[in-house]
Amino acid sequence: MLRNPQTKYRAFPCIDLPNRRWPSRRIAQAPVWLSTDLRDGNQALFEPMNRQRKLHLFGELVRLGFKEIEMGFPAASRTDFEIIRQLIDEGGIPDDVTPMVMTQLREDLIDETVRAVAGARRVIVHLYNAIAPVWRQVVFGLSVDEVEQLVVRHVQLLKDKVAAHPQTEWVLQYSPETFCMAELEVSLRMCNAAIRTWDAGPGRQIIINLPTTVEVATPNVFADQIEWMHERLERREHVVLSVHPHNDRGTGVACAEQALLAGAQRVEGCLFGNGERSGNLDLVTLALNLYTQGVDPRLDFSDIAGVARVAETCTGLPIHPRHPYVGDLVFTAFSGSHQDAIAKGFAAQDPEGFWEVPYLPIDPKDLGRTYDSIVRVNSQSGKGGIAYLLQRDHGVSMPRRMQVEFSAIVQKMADSSETELASTELWELFQRHYLAPARAGGELVYLGHQLFEDEAGQGVMLEIELPNGSRQKLQGIGTGPIDAAVAALGLPIRIDSYEERSLGGGAAADALALVEVAWPGEAGSRFGAGSHANIVVASIQALLVAVSRFEHGPAQLLQRSS
Ligand SMILES: CC(=O)SCCNC(=O)CCNC(=O)[C@H](O)C(C)(C)COP(=O)(O)OP(=O)(O)OC[C@H]1O[C@@H](n2cnc3c(N)ncnc32)[C@H](O)[C@@H]1OP(=O)(O)O
Ligand SMILES: CC(C)C(=O)C(=O)O
Ligand SMILES: [Mg+2]
């Protein structure tokens, strides 16, 4: 990369629009949607869709509620010609859906295009030509006057040709390709030439479609360009002002939103942002952005995963897991504080009230998605999410300090595996670290006990197995069974906390005992857990696990026994 990029790249000039109104407006209704999945989306694929895939995607677009669908470039592609012809001839286009077909300003191509769609109930013919300086000079070698003549000549030609097919309602769409890079006066001249030549008026609609063919400036510049055109286009009431944002700077959706504020009434784009280079406007994101502002998008994404699978199958392109609204991970929180806030938000959410769950801009249920994967655990997770999963799925409710200790163990595991841990894996990890008798060797093992009453308090006769396999009988007296077991071990330990719960609920459920042991002089305490139908057994097991987690614990007992 250059250290002085200003020698190679220039900033796009600002638009002189002192009284711009778009910044203080709000989008209050859905635009007219045009899907160009079958044209702009298709022309950007390694392998363009075959007939079967195109028809599949067309059916899906209709099902989603699109009323205008660009079908392709019939003069350039035999497949496109045959598909549109077949749909028209066989009545395969619903009455409320208008197909659109694209062509360059060339007589032979316009001829073929009209042949492809004549007889349809209503059709939009899309004429385009690039008008920005570099294209005028380098690609076409035409002056501004000559470009205008090209537009007038071909709009007139189309007008004459379609007059022979009065049974079809013909709508013209004119796109000054490369609009965002062209001088506004030149764009206005070309658009007004098309409006006049088509003779737009009552019953003679025209769509003026302004593209960011290659996105080159910040969205506010595009919004200024749109407002400037909106205020100057002739016969404005008979013009549908449309935009066709691409996404080269990653701001296609922002451009569309700001263009709608600036006077655009219609947007063109593709599902999930497919399209040339870094894509077209993502229609799904725009629609759901509106939805989350309380605006009905008039497109149905209540099974968004199903739509995604159709799009992936037809285009052969995968959808990124972090893609807004649809990605596999977008309703998943890994980080602890997010998990904590989401869990609290769900608990507090009023089912009839406004959506107010932290970190989730939309209710996943509205898109046919579930809450199941919202709390997931990886190396970024905190104790809240881990504790939530163990409690929810395994009935284990850890005291707070144990949550802290266990989350360090989980993070170590997640860091080394570099993967997410499922709730079953958390449970296995919990058992391996804390739960007698699931732990695997190296510790003191409970074999049996007997309680007895003593003048000095509660007595216990404890039988345990040492790590070398030898058995030991130990006796102790204390204020209760745990205290007596501590006395029996004869180690300088202290019980810092003790909790018992029932594991998994129900009358027949095992008891779960959680014991926290401190060893004065040793940093930190250790937890242990035991589960058994008998709570005393579970408690002694938990104690033995916690003691075993101090290196000195088993070692001192072994030393004493030898
Ligand atoms: C931004 C967009 O997405 S625009 C849509 C782009 N999509 C496509 O082009 C897909 C379909 N296109 C095609 O299959 C072919 O380009 C065809 C069949 C239309 C034309 O093919 P060809 O005649 O071989 O021309 P080619 O593909 O090389 O296109 C370049 C020619 O078209 C001319 N041209 C490009 N755009 C236009 C236009 N809008 N109107 C008139 N002429 C145009 C160029 O000036 C150039 O002419 P030249 O050969 O006299 O220098
Ligand atoms: C609208 C047409 C010409 C287009 O795809 C573009 O300019 O990106
Ligand atoms: Mg395009």
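Each residue, glycine too, has its Cβ placed from N, Cα and C.
Automatic, uncurated: that is what TrEMBL annotation is.
Mean model confidence of the domain 'Pyruvate carboxyltransferase' (31-305) amounts to 98 (pLDDT, 0 to 100 scale). Per TrEMBL, the feature domain 'Pyruvate carboxyltransferase' maps to 31-305.
H244 (Mg(2+) binding site): 30 other CB atoms within 10 A of its CB, across all protein chains. According to TrEMBL, the feature Mg(2+) binding site maps to D40, H244, H246, N280.
According to TrEMBL, the region 'Regulatory domain' annotation covers 437-562.
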Residues within 8 Å of the D40, H244, H246, N280 Cβ centre (excluding the Mg(2+) site residues themselves): T36, P211, T212, T213, P245, N247, G252, E268, G269, C270, G275, E276, G279, L281
Site with most surrounding Cβ atoms, counting all protein chains shown within 10 Å, from the binding-site residues D40, H246, N280: N280
For D40 (Mg(2+) binding site), the three-state class that DSSP assigns: helix
